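Below you'll find the structure, written out as structure tokens, and then a few comments.
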């Protein structure tokens, strides 16, 4: 009986440990301001600046209030504020983004953040947002969506494909917080059809069940866009 209790406790602790390690590691000091010097050595994150040389600039970013150009093909513009912009975010497990949307269909296309959950608040406009679940017990991928107005908040779980679409007649703005200093982003269409080198068309024609001409067209378009 005691052995069974020990086994149960061990399993629970193991599970708790795996959940705890599912996000950025916790810092072991007040801060670890990132520096780019590596001397040929790479670590999971960034090397730390000498604390005696840290200044307020290492924790500061300005300009997130400035509207961005939304004339891109998808009609949106993402301004990331992660460890690349604020070195002081290193090891703190959080980052931010501003997303600007053009009227009448500005889109932040389907994408994932492999290392972060995202929580988004609408500042201006009306957005249709959603994410797709991983395979459920019946094999389906469920779509969960919501129309958001200013002040509304929505959560996109880590790693799941999600999107935001401006369904209003005016510009829209949203702010997103992510649970990683470097959440990463994989835009589905760009990654699949714009990979470098390109994915073998035979793989994509079979996966998407379309004619090779369709794949050739999409690869030409996205590969050119991604590699200009």
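Residue numbering: from 1, along the chain as shown.
Including glycine, each Cβ sits where the backbone N, Cα and C put it.
What TrEMBL says about a protein is an automatic prediction, not a curated fact.
Taken straight from TrEMBL:
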- 1-22: signal peptide (SIGNAL)
- 32-48: disulfide bond (DISULFID)
- 62-216: domain 'Cupin type-1' (DOMAIN)
- 108, 113, 118: oxalate binding site (BINDING)
- 111, 113, 118, 162: Mn(2+) binding site (BINDING)
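Projection of TrEMBL feature records onto the structure.
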residue : record               : Cβ within 10 Å
32      : disulfide bond       : 22
48      : disulfide bond       : 18
108     : oxalate binding site : 25
111     : Mn(2+) binding site  : 19
113     : oxalate binding site : 24
118     : oxalate binding site : 22
162     : Mn(2+) binding site  : 22
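For the pair residue 162 (Mn(2+) binding site) and residue 118 (oxalate binding site), the Cα-Cα distance reads 10 Å.
Here the C-alpha separation of residue 32 (disulfide bond) and residue 108 (oxalate binding site) works out to 32 Å. Looking only at the domain 'Cupin type-1' (62-216), the predicted model's pLDDT averages out at 96.
The two recorded residues, residue 108 (oxalate binding site) and residue 48 (disulfide bond), show a Cα separation of 33 Å. Put simply, residue 48 (disulfide bond) is 26 Å from residue 118 (oxalate binding site) when counted between their Cα atoms.
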